[in-house]
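Quick notes on the structure that follows.
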Amino acid sequence: MYDADHNRTENRVGQTDIKISAKDVQVYYGTNHAIKDVSVDIQDKTVTAFIGPSGCGKSTFLRCINRMNDTIDIARMEGLIEIDGENIYDKRVDPVQLRAKVGMVFQKPNPFPKSIYDNVAYGPKIHGLAKNKAELDEIVETALRRGAIWDEVKDRLDAPGTGLSGGQQQRLCIARAVATEPEVLLMDEPCSALDPIATSQVEELIDELKQNYSVVIVTHSMQQAARVSQKTAFFHLGNLVEYDDTEKIFTNPQDSRTESYITGRIG
Amino acid sequence: MSNTLLALIVLALGAIGYVIGRQRALKATDGDQRKLHSLPSYYGTNVLLKTMVPAFLLMLVWLLAQPIVVDRSVRAGLQDESVRQDRSVSLVMTDVRRVANGLGIAVEQGVMSRDEARSLDTQSTDVRARLGEAGVALGSDVTPAVLEAAQQYRGLSGTGDIARFALVVALALAGLGWGVRESTPSFRARNSVERGIKSLLILASCIAILTTIGIVLSLVFNTIEFFRIYPARDFFLSTTWSPSFGGGSELGILPLLWGTLYISLIALLVAVPIGLFAAVYLSEYASKRVRSVAKPAIEILAGIPTIVYGLFALLTIGPLLLRVFGDDTVGWMDGGTAVMTAGLAMGIMLIPFVSSLSDDVINAVPQAMRDGSYGLGATQSETIKQVILPAALPGIVGAILLAASRAIGETMIVVLGAGAAARLSLNPFEAMTTVTAKIVSQLTGDADFSSAEALVAFALGMTLFVVTLGLNVLALYIVRKYREQYE
């Protein structure tokens with residue numbers, strides 16, 4: 001009986017696809033070696049949290065996954081990152097197309113100084129996802145519903161996005177990222193500029209988003225990592241120290257540095 | 001001479017006051033500066049400010065007021081008809097001032113003794129010849145009345161000079177005494193100096209503002225004077241500009257205003273796209289190295305004097321345009337000077353304005369906007385077109401309006417490049433002229449300053465002032481509104 005149960009669990013883990021696979025990733029900012037030998041497999045339809053002290057490279061690594069580091073002149077990347085088995089640093093891959101597939105939400109809510117509608121419609125318009133206005137309306141509504149903000153803004157879609165509260169702005173940004181139908185959603189400390197209520201709204205949203213997307217979230221809050229993620233990776237000084245089920249990291253860490261960090265002795 | 005001496009005396013008193021104030025404060029605590037309320041130098045500065053600032057202010061006000069007061073009292077004595085001999089009082093006053101100054105110069109050069117100058121009399125001496133010896137040329141013989149008035153003028157001025165000297169020195173000494181008395185250890189010299197500095201700053205800004213008001217008022221009064229002798233309706237609505245100093249001129253502003261706006265429009269059509277694209281390239285695409293070279297290079301354009309642009313228009317752009325559009329080819333252009341010539345030169349002049357200001361505005365758009373757009377899979381040009389430029393638009397509009405008011409007020413390029421014919425025409429290859437160029441030509445002639453032909457310059461200037469002021473206010477309003485957007 002016990003054995004059968006155990007087997008089923010094994011199977012389920014085995015069935016989960018590997019969405020993103022990184023091998024021996026190195027990143028340099030000028031002469032500064034920011035990421036050292038990071039290899040990690042991130043699963044589909046899972047929330048993966050990156051934790052670690054400031055400056056440990058977790059955001060840098062996150063930005064490698066959608067090639068946002070390309071926009072920084074002095075950044076240089078080595079190694080291999082694959083999404084669905086395809087090397088995203090291959091010459092044939094267009095970083096612009098890649099970023100439509102790998103959405104990103106930033107630390108500080110950054111709605112464009114446009115209307116709420118135009119904020120969400122921006123991505124779909126650029127990528128030609130809608131045939132006509134009606135379809136675009138539908139995409140915007142779906143995205144706003146997924147961002148759990150539709151009910152609050154449906155009557156004022158023409159109002160500027162910058163006029164919303166911080167939590168609403170961040171959910172608008174998530175809706176904006178979702179609108180381009182990404183497969184992966186990267187979140188760089190999405191709650192650090194928000195108050196506790198807005199934070200819990202965004203966390204609920206992240207929990208729902210994992211049904212459709214592979215979500216990677218960088219966070220400074222270990223409680224948040226424990227609450228929302230299924231997998232956790234601990235970064236320290238540019239190294240990936242430990243990567244495992246969230247529960248295991250927080251209850252039974254293998255590495256002494258991880259233990260020191262989650263118990264508050266370093267970081 | 002005596003003014004320089006006076007200024008030096010006040011400066012010296014200030015320096016002495018500084019030393020005494022500092023010493024006195026230090027001596028009171030036996031040289032222990034920790035027991036003083038403020039650092040010793042503050043006690044010195046306090047005395048220095050109290051000595052120099054009121055004294056210099058008095059000197060300045062006196063210097064400005066004395067000629068007016070003396071003039072008025074001498075003028076009062078000249079009201080008698082016989083003195084004037086059918087000349088206006090102001091013309092007689094000119095003579096009086098010349099004679100008075102001439103006597104002063106003659107005494108200084110030793111041609112006359114002081115007593116001789118005082119007891120001069122038209123019967124026994126040829127005043128005109130005597131002053132001629134001192135190098136002072138007079139237009140006519142000196143009448144007894146004029147000489148008398150000149151003597152009075154000299155006397156009053158001399159008394160004024162002595163009184164000024166005495167009072168300024170006295171005031172400086174009083175300030176020095178007051179400051180030194182104050183220099184006790186418990187005196188808050190630091191706060192006192194702070195207040196002094198603050199009042200100096202306020203004074204400076206007051207002078208700036210008052211000067212502006214003065215300029216505007218002189219424009220306004222002369223404009224009113226002009227409209228008294230020339231109907232405002234004709235000025236604003238007539239389409240002919242033909243001043244003739246013999247009288248009967250038609251002074252309609254419309255052709256000039258049209259020329260101004262047409263040339264400015266062409267200048268902006270050149271400057272805005274080029275400047276804006278350069279700004280976009282520099283702020284969004286250029287590498288740090290290119291930017292560090294290219295940005296100053298563009299801004300050098302702003303440092304070129306406009307007369308040089310004028311020469312460039314006259315010698316290079318004009319002949320070039322003539323070769324392309326002149327009689328030999330399409331025949332649109334008769335001469336090198338044309339709206340197009342001036343407009344192109346002015347456009348080049350305005351490029352750095354537009355590009356530099358737009359560059360600042362584009363750089364002020366937060367990086368988060370760019371990240372957000374790139375993160376959604378937008379290309380660089382999509383990001384610029386759809387996110388950055390809309391966000392920066394109010395600032396860019398502000399930059400363009402500032403450039404426009406520069407263009408409207410520009411003179412030298414127009415004088416050299418656009419020709420002098422006031423004309424209402426749509427052909428940009430014809431010579432036209434602008435408000436500014438006509439102000440120059442109306443005031444640089446031998447015109448009587450009270451005639452409509454000269455006074456019209458003030459009305460033109462006033463109109464121009466109102467237009468550019470309006471544009472500047474609009475620009476400031478838009479720029480300010482933009483600033484609030486990311487707060």
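Using the three backbone atoms N, Cα and C, a Cβ is placed for every residue, glycine included.
Cβ atoms under 8 Å from those of the transmembrane segment (B:45-65) belong to residues 3, 6-7, 10-11, 13-15, 17-18, 20-21, 160, 164, 167-169, 171-173, 175-176, 178-180, 182-183, 187, 189, 192-193, 196, 199-200 of the same chain, restricted to positions at least 6 beyond its ends. Positions annotated as transmembrane segment by TrEMBL: B:45-65 (among others).
Residues or ranges marked as transmembrane segment in TrEMBL: B:162-180 (among others).
According to TrEMBL, the transmembrane segment annotation covers B:200-223 (among others). Taking Cβ pairs closer than 8 Å, the transmembrane segment (B:200-223) reaches residues 49, 53, 455, 458-459, 461-462, 465 in its own chain, all 6 or more past its ends.
Look at TrEMBL and you will find B:257-475 tagged as domain 'ABC transmembrane type-1'.
Sequence-distant contacts of the transmembrane segment (B:260-282), counting only residues of its own chain at least 6 positions beyond either end whose CB sits under 8 Å from a CB of the stretch, comprise 290-291, 294-295, 298, 339-340, 342-344, 346-356, 358-359, 362, 384, 389, 396, 400, 403-404, 407-408, 414, 418, 428, 432, 434-436, 464. According to TrEMBL, the feature transmembrane segment maps to B:260-282 (among others).
Here TrEMBL flags B:302-322 (among others) as transmembrane segment.
Per TrEMBL, transmembrane segment is recorded for B:342-366 (among others).
Annotated transmembrane segment per TrEMBL: B:387-408 (among others), in sequence order. Residues of the same chain lying 6 or more positions beyond the ends of the transmembrane segment (B:387-408) and with a Cβ under 8 Å from any Cβ of it are 260-261, 263-264, 267-268, 271-272, 275-276, 280, 284, 346, 349-350, 353-354, 357-358, 360-362, 364-365, 369-370, 372-373, 378, 435, 464, 467-468, 471-472, 474-476, 478-479, 481-482, 485.
Counting only same-chain residues 6+ beyond the ends of the transmembrane segment (B:454-479), those with a CB under 8 A from a CB of the stretch are 216, 218-220, 222-223, 225-227, 229-230, 235, 243, 251, 253, 256-257, 260, 394-395, 397-399, 401-402, 404-405, 408-409, 435-436, 438-439, 442-443, 445, 447-448. Under the heading transmembrane segment, TrEMBL lists B:454-479 (among others).
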